[in-house]
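Student: Next up is a structure, given as structure tokens.
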Amino acid sequence: MATRVVIGTQWGDEGKGKYIDILAADSDIVVRFSGGNNAGHTIVAGGTKYALHLIPSGILHEGTTCIIGNGVVVDPAVLIKEINELKDKGVNTDKLLISDRAHVIMPYHKRMDELQEIARGKDNIGTTKRGIGPAYADKTERCGIRMCDLIDEEIFAEKVRANLRIKNAIIEKVYGGEGFDADSIIAEYSEYAKILKKYITDTSVVLFDAVEKGKNILFEGAQATFLDLDFGTYPYVTSSNPVAGGVCTGAGLGPVFIDEVYGVFKAYTSRVGAGPFPTEQNNEIGDKIRELGWEYGTTTGRPRRCGWLDAVMLKYAARVNGLTALAINHVDTIGKLEKIKLCTAYIKDGQKVDYFPASLKELSKCEPVYEEFDGWNEDISKVKSFDELPDNAKKYLKRIEELVGVKIKLIGVGKDRENTIVVD
Ligand code: GDP
Ligand code: IMO
Ligand code: MG
């Protein structure tokens, strides 16, 4: 039995979906434990592209059970659309399960997300406007609606009416927006309930049973360490805990069952939305990386901000997640640059620091210290072993391992699941 966790170590979009799809080949169960459809996970298999937002990236493997855990917030309309799109592509979605404790994203969450962003003005977070933050806020506020409530007509109607009394007042009186009619929400969501009912169950029981039977379980991180509510660049973060610790609370499995934690990162760094980014290249280098790596959001289509790889961030991610392995992507992309920079530390107030400060004011004083590497402008997409990589690529990867103190086990040299080096 092996229980593996795959998480993002930067600001998201590191290529987690691609590695989940690969590792799912020998996993019995793949589980999403945090976030919602703010995530966009891309898989390219046999030339076909799949963009998944809620359904775990193990779904392409016929025998794999895919679980949406209790820590996820679920927009039922988006989920149903995703199920239908996969079915249209010939993917079997019968082995999908949804936790009865997962919270439901409601229409007022999406509207609140938009109105709050407008109200923040120039200090906006740049959210995906999918209602994620307001849904988690309601969970904490104890007025959220869970999947078990969605499929109970009486309780659902009661909760919608109780919520709308307050939500409509806030939307209309505080934000000057338009409120909602309870009956139409109840009618719309009762249709979703009918479709989703067969998938909803106590998934924590399913997981524990699988552990007892010695099955292989894979946890699929969404978002990333620096978007984590506690460990990210607060307040420019998402509203859940995408770090490895989120597995236990977001799926209902104890920490003793976790064997390995893979930290995924790109050979450079990208970020969508607002917030600090010490190695950002808001210049022609950043533009070049964006075009070479095609850095446009899988969920919102927004251009991603791009910059150099930051080993200070990776070291921090290794610590807070307990990483046992690193998985790099876009080694093909970065090699196309003539010169590559890697941030090894920061200079703050004249002192060298190798930690990531909590205070954004302190962080803004951090100037990256770089080491420079030569690129390797050759097609490496078919390379299958570390030894066959160009010498310049090997030097770059070895230096990253040395700085972070964790071994690189997976190397991405292209978009397709085939373009992967598994290091022995
Ligand atoms: P996720 O959110 O972490 O699953 O990542 P996304 O799917 O949002 O973004 C990763 C992007 O990089 C997608 O367009 C992938 O197809 C692409 N990708 C992943 N790995 C590689 C790689 O090794 N090389 C190249 N060129 N593209 C990659
Ligand atoms: P995957 O799983 C990149 C960012 C948003 C915004 C902030 C808060 O594909 O890596 P939210 O809508 O969550 O309240 O937005 O978090 N964000 C992501 N950025 N990849 C993601 O997911 C993201 N999910 C949220 O852009 O800055
Ligand atoms: Mg993504």
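Cβ atoms here come from the backbone N, Cα and C positions, even for glycine.
TrEMBL labels come from automatic prediction, so no person has curated them.
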Student: May I ask you to find which of GLN223, GLN281 TrEMBL records for the IMP site already listed with ASP13, GLU14, GLY15, LYS16, ASN38, ALA39, GLY40, HIS41, THR128, ARG142, THR238, ARG302?
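Tutor: Only hit among GLN223, GLN281 in TrEMBL's IMP site, alongside ASP13, GLU14, GLY15, LYS16, ASN38, ALA39, GLY40, HIS41, THR128, ARG142, THR238, ARG302: GLN223.
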Student: For ligand 1, pick out the recorded positions GLY15, ASN38, LYS139, THR299, THR300, ARG304 that have a CB under 6 angstroms away from one of its atoms.
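Tutor: Once distances to ligand 1 are taken from each Cβ, GLY15 fall under 6 Å.
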Student: Just give me the nearest neighbour of VAL331 (GTP binding site) among the binding-site residues ASN38, THR298, THR300, Cα to Cα.
Tutor: THR298
Student: Going by Cα-Cα distance, pick out whichever of the recorded positions GLY15, HIS41, THR128, LYS139, VAL413 is nearest to THR298 (substrate binding site).
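Tutor: Ranked by Cα distance from THR298 (substrate binding site), first place goes to HIS41.
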Student: Compare the C-alpha of THR42 (GTP binding site) with the C-alpha of each of the recorded positions ASP13, LYS139, GLN223, THR300, and give the closest one.
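Tutor: For THR42 (GTP binding site), the spatially nearest of the recorded positions is ASP13.
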Student: Spatial neighbours of ASP13 (active site, proton acceptor) among the recorded positions ASN38, GLY40, HIS41, LYS139, GLN223, PRO303, defined as Cα within 10 A: which are they?
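Tutor: Within 10 Å Cα-Cα: GLY40, HIS41, GLN223.
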Student: Using CB under 6 Å from any atom of ligand 3, narrow the binding-site residues GLY40, THR42, THR298, VAL413 to the ones that qualify.
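Tutor: Near ligand 3, sequence order: GLY40, THR298.
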